[in-house]
Amino acid sequence: MSDTATTTGRPSSVYVPSAEALATVLAPGARPPRPSALGASLTFGWRAMLKIKHVPEQLFDVTAFPIIMVLMFTYLFGGALADSPRDYLQFFLPGIMVTSVVMITMYTGVGLNTDIEKGVFDRFRTLPVWRPAALVGMIFGDVLRYVLAALVILGVGLVLGFRPDGGVLGVLAGIGLLVVFSFAFSWVWTFFGLILRSEKSVMGVSMMVLFPLTFLSNVFVEPGTMPGWLQAFVKVNPITHLVAAVRAAMAGSSDPSNTMWLLLWSAGFVAVFGTLTMYRYNRR
Amino acid sequence: MIMSRRTTGLAIEAEGLRRSFGKTRALDGIDLRVPAGTVYGLLGPNGAGKTTAVRVLATLLRPDGGRARVFGHDVVEEADAVRSRVSLTGQYASVDEDLTGAENLVLLGRLLGLRKPAARERAERLLAAFGLTEASGRQVKKYSGGMRRRIDIAASILNTPDLLFLDEPTTGLDPRSRNQVWEIVRAVVSHGTTVLLTTQYLDEADQLAGRIAVVDHGKVIAEGTPGELKSSVGSGTVHLRLRDPAQRPEAEKLLGAALGVAVQPEADPVALTARVGGDGSDLVASEQAARALGDLARAGIVVDDFSLGQPSLDEVFLALTDHPAADERDDQMEAAR
Ligand SMILES: Nc1ncnc2c1ncn2[C@@H]1O[C@H](COP(=O)(O)OP(=O)(O)OP(=O)(O)O)[C@@H](O)[C@H]1O
Ligand SMILES: [Mg+2]
């Protein structure tokens, strides 16, 4: 066995394992204390950001898609549903922001599904860290994407003439509520991402859930004109509560009842789907 | 310099481990006793159940039956205690291919509780020791096969584990990269880490492992030191190539007499093959071969090429079972048994 130094060679030189160099990294040091649950989750969140840095194409979903949604619906419905696209925008922008961001949550499931097929999750699952950390961290990374999407939509809205009465604080509060809900709602998709076999089926299920959920709500029109059975659904739909709360915040008022319902739904999603997800995650 | 704090007793103790996937019995009652501080080889063909065994022992998969302890901790009941002492290098890359080599190591260092500067420093030293400093800023998906293996193993020893699982660490590597991995494994075990290594190559298990379990169809069909396994099969095969094909019949006779076994003429008119050893040790086989070569030389027979080969995994399998090492398991045959 050669003891040739491994690090001093030119780039093209062949690696020769050196017993000495290996010895320095193999000496057992004191084991550091296990990271806290939050610390581990944030570290996994850092991984998600590194992935965005290396694969920036993945931000296409959170930028192009929302822009198209805003432009399309503003000009498509604006004239018919309100006096002008600009008037409609005051009502519609919070709704389309919610729709876009909630739609983007499904990429959490798709991403997890592809990620978990690779060996790196085997390594994560053999680490002695708080078990949900890998998933929580992943969703932290996604939250960043949600914020980005919301800001893009806000930007487009402002250009088109959206003038929220709530000002900066109101808008921030609205985005905050949206992000809280989206974080909670993401756990639905981590669950499906774990139980379904392929990325395609995760997409399929997500669409089947998301389309009715976002369209059968108060996003596009006030529910007053809908038939009674539909109104009944729209009323309990969490998206309706979310849109109402976000609209109120951005308009400078508040809507305690809808905000409360929205937070209850969020807590419910985390409790139910977070638990199911962790059960599946541990039992694979 | 063996760190004795980690090298006493049994690293792995498994009894009757079973795990099925649908109708496939991937593990069909595996027993293992792996002494701490050694390299233990799990040898078997594709589909034997090696990966499944490793995943159960590394707490990634629950067994359907049986039990396993790692350093005395049950892999199901005390999974967290097991996790704090083991590391896994999976059969397929178990690092994040989108991230760079350095980022992968810093990420793991942080997850193991190191602060950022300490994690960075540890990553740098590991990269240097594994000859990856040049490549540290490159995404792992752009690494060569050998570099991938190295970053993977570097990631696994980041926490200096007491037990390291290496699932087919050299499959698909060229001879040079394979030798590098072997050197690394030797260094790791010399520092007191127990290594459970799976492989399809007897040669590799022989080079590295103190003991080997031969696995087939989810069962251990033989266990012992490499020497024991090989002598149960015969020490190997002698291959000869003569200069003059006309001398082959005479060479065949001399060789047969010296080795005491039947000699097979091959299709090539100058080639001869014979099994040697049988019940003897390696030394005896080489002595026998040396004597045979001497006899040939004295008879004026020119030998151009001579080799004493080890039995292949296939020969081990033929000897241990009545079937060759099948590439894929045949579940219908399985059901019929
Ligand atoms: N997740 C799974 N789902 C279904 N079948 C599986 C799964 N994992 C393994 N198997 C089956 O179990 C058997 C044992 O597989 P395993 O991967 O443990 O073999 P192996 O010895 O590692 O093979 P290889 O040398 O090809 O890696 C095979 O028949 C395989 O098809
Ligand atoms: Mg395998």
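Any Cβ shown, glycine's included, is placed from N, Cα and C.
The domain 'ABC transmembrane type-2' annotation in TrEMBL covers A:57-284. Annotation source TrEMBL lists transmembrane segment at A:59-82, A:88-112, A:133-162, A:168-195, A:202-221, A:260-279.
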Original post:
In terms of Cβ proximity under 8 Å, which residues at least six beyond the ends of the transmembrane segment (A:202-221) contact it?
Top reply: 73, 77, 81, 92, 95-96, 98-99, 102-103, 106, 109-110, 113, 188-189, 192-193, 196, 230, 233-234, 237-240, 243-244
Original post:
Apart from its near flanks, which chain residues at least 6 from the ends of the transmembrane segment (A:260-279) lie with a Cβ under 8 angstroms of it?
Top reply: 131-132, 135, 177, 180-181, 183-185, 187-188, 190-191, 194, 238, 241-242, 245
Original post:
Where else in the chain does the transmembrane segment (A:133-162) make close Cβ contacts, counting only residues six or more beyond its ends and a cut-off under 8 Å?
Top reply: 37, 40-49, 51-52, 59, 61-63, 65-67, 69-71, 74, 85-86, 89-90, 93, 96-97, 100-101, 104-105, 107-108, 111-112, 115, 121, 124-125, 171, 175, 178-179, 182-183, 186-187, 190, 277-278, 281
Subject >> Chain residues outside the transmembrane segment (A:59-82) and at least six past its termini with a C-beta under 8 angstroms from it >> reply: 52, 88-89, 91-93, 96-97, 99-101, 103-104, 107, 145-146, 148-149, 152-153, 156-157, 160, 220-221
